[in-house]
2 protein chains.
Amino acid sequence: MSTRGNLFIVSAPSGAGKSSLISALLKDKPSDKQVSVSHTTRKPRPGEVDGQHYHFVTVEQFKALINQSAFIEWAEVFGNFYGTSKSVIEQTLNKGIDVFLDIDWQGGEQVKILMPNTVGVFILPPSKAELERRLTGRGQDSKEVIDARMAQAVSEMSHYTQYDFVIVNDDFDSALADLKAIIRSQRLTCASQQYAQNDMLNDLLAD
Amino acid sequence: MSTRGNLFIVSAPSGAGKSSLISALLKDKPSDKQVSVSHTTRKPRPGEVDGQHYHFVTVEQFKALINQSAFIEWAEVFGNFYGTSKSVIEQTLNKGIDVFLDIDWQGGEQVKILMPNTVGVFILPPSKAELERRLTGRGQDSKEVIDARMAQAVSEMSHYTQYDFVIVNDDFDSALADLKAIIRSQRLTCASQQYAQNDMLNDLLAD
């Protein structure tokens, strides 16, 4: 039985709890799930391991990869490049591992064009009041800073309709169970099963 | 919050364990899930309750309902009519209840045309050998009878590609968890959430 993993885009505004959900999902280091490891040109921070947290490359290497169309999505953020290598993703999926891309809606849009079978999951906070509470943090930021964060969050959330699934992160355990149900169900689509159960289906349907 | 349930078609060959899976799913009488109650012209068997096991009607009543296009699918089996009323389904879905149609691929095909948002789930046995074992039963039937059952099962299974999801019922608990994951995930599709979370989304996305 040869299984192929699914590629998931997981997007959310700041304050929706996306990172905590992904961490909880991968806490026990499941053999069939992993977050995509991006390429970046920014310098490693203390404790970051090349190939585990990021693939660290030079600007010249990154630009060469862009020219080779090696990325399914890339972006420049605060002067550093970040990108997702198509071949790394494909190799991982072919091992039967589900891959999670923790990217924003713009990156998600690029990926969906190049890999249309990608499953998009958008995480929402339960209310605007709760989002504001989460983005206010420990009360050390000015009203202007918080307002700017809220505007950014509303802008990001306005793209939720481009996603296949929407999870409202009100109760964390329930949101995690939602995410797990989506992931499990995507192994059960007719197309996934035709691939994974090919030999069994041939046996079952033989005259 | 007004939720709308989803309509599921669940089909399988005899011996795949469909009835046991549906029974297990509804064992605790969940308030948000129920099997569709069909109309039939056959006589009630001892213990069968009108409106609970079937809506028992006369042939004249049934034919009048056909003429009113009241059914999303109907069939004549061994001289009796069986049908699924569209208005009964719609009323149940509008209460936020998921409805399960336990029908074969022909019925499923009719329903998909009239209600395209229906989610099709096909249950398969894990192998031909295991299917034959299950269909052989207690060894009281002739080889011809068992061969005919197997041929019927293979014919039914050949339509699995018309379904959205495929569950292989090898381990029962795992197959039940698969079914539950599919049901849960369908409450999380973007369209379902737009309907269920309409007020919350308006609040979140307001300027």
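The first residue you see is number 1, and the count goes up from there.
Every residue, even glycine, has its Cβ placed from backbone N, Cα and C.
If you look up TrEMBL, you'll see A:A12, A:P13, A:S14, A:G15, A:A16, A:G17, A:K18, A:S19 marked as ATP binding site. Under the heading domain 'Guanylate kinase-like', TrEMBL lists A:5-184.
The structure, with features from TrEMBL marked on it.
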residue: A:A12; record: ATP binding site; Cβ neighbours (10 Å): 26
residue: A:P13; record: ATP binding site; Cβ neighbours (10 Å): 27
residue: A:S14; record: ATP binding site; Cβ neighbours (10 Å): 16
residue: A:G15; record: ATP binding site; Cβ neighbours (10 Å): 19
residue: A:A16; record: ATP binding site; Cβ neighbours (10 Å): 25
residue: A:G17; record: ATP binding site; Cβ neighbours (10 Å): 21
residue: A:K18; record: ATP binding site; Cβ neighbours (10 Å): 21
residue: A:S19; record: ATP binding site; Cβ neighbours (10 Å): 13
(request) For the recorded ATP site, enumerate neighbouring residues of the same chain (Cβ within 8 Å of the Cβ centroid of A:A12, A:P13, A:S14, A:G15, A:A16, A:G17, A:K18, A:S19, site residues themselves excluded), in sequence order. (result) A:I123, A:P125, A:N169
(message) DSSP secondary structure for A:K18 (ATP binding site), reduced to helix/strand/coil, please.
(response) helix
(message) On average, what pLDDT score does this prediction assign to the domain 'Guanylate kinase-like' (A:5-184)?
(response) 93
(request) Please report the DSSP secondary structure of A:A12 (ATP binding site), reduced to three states. (result) coil
